[in-house]
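Everything on this sheet refers to the single structure shown next.
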There are 2 protein chains.
Amino acid sequence: MQVFTRVQEMQEWSLQQKRLGKKIGLVPTMGYLHDGHLSLVRRAKAECDVVIVSIFVNPLQFGVGEDYEEYPRDLTRDAALLEKEGVEATFAPSVKEMYPQGYSTTVEVGGEITAKLCGKSRPGHFKGVTTVVSKLFNICLPEVAYFGQKDAQQAMIIEKMVRELNFPLRIVRGPIVRESDGLAMSSRNVYLNEEERKSALVLSQALGLARELIENGETSVGKVKEAMINLINSKPFTDIDYVEIYNGEDLSDLAEIKGKVLVALAVRVGKTRLIDNLLLEV
Amino acid sequence: MQVFTRVQEMQEWSLQQKRLGKKIGLVPTMGYLHDGHLSLVRRAKAECDVVIVSIFVNPLQFGVGEDYEEYPRDLTRDAALLEKEGVEATFAPSVKEMYPQGYSTTVEVGGEITAKLCGKSRPGHFKGVTTVVSKLFNICLPEVAYFGQKDAQQAMIIEKMVRELNFPLRIVRGPIVRESDGLAMSSRNVYLNEEERKSALVLSQALGLARELIENGETSVGKVKEAMINLINSKPFTDIDYVEIYNGEDLSDLAEIKGKVLVALAVRVGKTRLIDNLLLEV
């Protein structure tokens with residue numbers, strides 16, 4: 001496996017692969033890889049001729065007071081995992097390489113889709129995401145790019161950006177991968193102490209409750225949200241950021257639970273902000 | 001020559017050319033072609049395997065009260081001119097095709113380079129330009145894209161965007177093409193009546209005066225600007241939007257005239273806003 005740290009070298013490699021007629025798959029990550037990432041990597045390996053995994057903790061998508069500095073990093077371990085998966089190239093640039101002195105170009109998706117959920121809690125976050133992902137697309141030139149459904153809103157926004165800026169590629173969303181007890185895998189789970197780790201289970205439990213209520217015929221957004229909120233508040237160390245139910249295509253408001261529906265939540269457990277979601281066809 | 005009006009068909013054609021190993025040159029225009037555009041087309045024809053000319057009057061780069069509606073259009077004439085030049089493909093999409101219902105993605109270059117000159121007079125203009133040009137790059141997949149030096153600030157901004165978003169292509173700037181009496185060619189020159197056409201000469205004359213003063217050793221930004229302003233104000237129907245002298249690399253302010261210098265001006269002649277500029281190495 002080749003590890004590139006320079007934009008130009010990564011791009012030249014990608015252009016060379018294109019000239020050879022290879023179909024490039026890209027899995028953009030912030031590293032500290034877990035089985036959620038690796039499930040995307042395996043799918044990319046199965047569907048593409050060559051796979052690039054990018055590892056870059058993108059400062060542009062972190063707000064003031066967020067965990068940019070603390071975000072876990074371990075390139076040696078990540079590279080070993082990717083090597084084992086048969087990945088052809090890892091792209092791990094420095095911040096200075098991605099955003100040189102005087103950098104000032106951004107890509108932004110406007111409207112409801114970025115204003116709600118994490119967009120509301122983390123102003124500027126998605127602008128940072130769409131900017132870095134645009135750069136990664138131009139550097140790595142994938143035919144297919146893989147994103148996890150754990151970040152459902154991110155995936156929706158990137159799909160909209162790809163459609164609207166006409167990037168010549170396709171987005172594939174991989175399903176949420178969970179620990180055996182239900183906690184959605186996240187690089188941030190390492191922040192949790194033992195007690196918090198127990199409380200963190202409530203995110204997937206609240207989604208399970210929502211699914212049960214909806215499958216039993218509940219159509220009221222308010223009632224499902226209320227049941228979820230009550231369950232979450234019953235656990236120690238939890239502090240709800242949001243619990244929402246929106247249209248699963250564009251995050252528009254729902255009069256009732258019907259059609260493609262996204263149940264999404266963000267909960268602070270101790271100091272750790274965790275997200276999870278459930279996409280349903282009702 | 002093929003004329004495409006659909007994004008998907010244009011992009012598929014471009015992808016096919018890439019698969020055939022062809023080097024694509026793109027000349028983005030708003031149509032109503034003149035010799036300025038055609039000089040770019042000829043250069044593209046000489047340097048690339050296949051040439052795409054896009055013709056799209058981009059509503060996103062026009063402000064309220066500007067001439068979006070009146071902007072001259074003549075696709076039949078343009079297509080005939082491009083056919084004659086041996087252009088392989090013209091891309092002439094509708095507004096709805098480029099910006100479908102709900103469109104909300106933009107690309108923006110921030111900082112001094114977009115805040116000055118036309119960026120100051122036309123808020124949002126360059127955001128419209130960088131957005132549409134990003135789309136055209138993704139649709140037409142050029143290895144080289146050609147822009148005119150007449151829009152010097154636009155070329156600088158697009159070069160910065162290409163560098164910062166890592167588009168896998170190169171920008172070529174073509175020199176300003178002038179009428180025999182010195183007026184820079186522009187699709188907007190058709191707006192001028194006979195009297196205004198005479199006054200419009202003062203733009204290139206003011207640049208000629210600036211060149212003369214600077215070549216004779218004048219290093220004061222203020223003095224050169226003053227001489228230009230006095231000359232322009234001596235002509236009827238003129239109303240100065242700006243006369244500026246900045247660093248020709250990044251539009252930063254100059255303590256004195258030295259190095260790469262851009263002398264740029266925008267003048268309303270009657271109701272027609274005209275621009276012109278001079279790039280000097282002092």
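Glycine is no exception: its Cβ is also placed from the backbone N, Cα and C atoms.
TrEMBL annotations: computationally assigned, not manually curated.
Listed in TrEMBL for this protein:
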BINDING   B:30-37, B:148-151, B:VAL177, B:185-188  ATP binding site
ACT_SITE  B:HIS37  active site, proton donor
BINDING   B:GLN61, B:GLN154  (R)-pantoate binding site
BINDING   B:GLN61  beta-alanine binding site
(request) For each of the binding-site residues (B:MET30, B:LEU33, B:VAL177), count the other CB atoms lying within 10 A of its CB, then report the residue with the highest count. (result) B:LEU33
(message) With the cut-off set at 10 Å between Cβ atoms, which of these binding-site residues ends up with the most neighbours? Options: B:GLY36, B:GLN154, B:SER187.
(response) B:GLN154
(request) Could you check the binding-site residues B:LEU33, B:GLY36, B:GLN154, B:VAL177 and tell me which sit with their Cβ under 8 Å of a chain A Cβ? (result) none
(message) Taking every protein chain in this structure into account, which of the recorded positions B:HIS37, B:GLN61 has the most other Cβ atoms within 10 Å of its Cβ?
(response) B:HIS37
(request) Between B:MET30 (ATP binding site) and B:GLN154 ((R)-pantoate binding site), find the distance joining the two CA atoms and give it rounded to the nearest Å. (result) 14
(request) Between the Cα atoms of B:GLN149 (ATP binding site) and B:HIS37 (active site, proton donor), find the distance and write it as a whole number of Å. (result) 11
(request) Would you mind checking how many other C-beta atoms are within 10 angstroms of the C-beta on B:GLN149 (ATP binding site)? (result) 17
(message) Tell me which of the recorded positions B:LEU33, B:GLY36, B:HIS37, B:VAL177, B:SER187 ends up closest to B:GLN61 ((R)-pantoate binding site) in space, Cα to Cα.
(response) B:SER187
(request) Measure from the CA atom of the residue listed as 'active site, proton donor' to the CA atom of B:SER187 (ATP binding site) and give the result in Å, rounded to a whole number. (result) 10
(request) Name the secondary structure element type, per DSSP in three states, that contains B:GLY36 (ATP binding site). (result) helix
(request) Name the secondary structure element type, per DSSP in three states, that contains B:GLN61 ((R)-pantoate binding site). (result) helix
(request) Looking only at C-alpha atoms, tell me how far B:LEU33 (ATP binding site) is from B:GLN154 ((R)-pantoate binding site), rounded to the nearest Å. (result) 18
(request) Do me a favour and check the Cα-Cα span between B:GLY36 (ATP binding site) and B:GLN154 ((R)-pantoate binding site); whole Å is fine. (result) 15
(request) Give the distance between the Cα atoms of B:GLN154 ((R)-pantoate binding site) and B:VAL177 (ATP binding site), rounded to the nearest whole Å. (result) 16
(request) Give the helix, strand or coil assignment DSSP yields for B:MET30 (ATP binding site). (result) coil
(request) Give the distance between the Cα atoms of the residue listed as 'active site, proton donor' and B:VAL177 (ATP binding site), rounded to the nearest whole Å. (result) 9
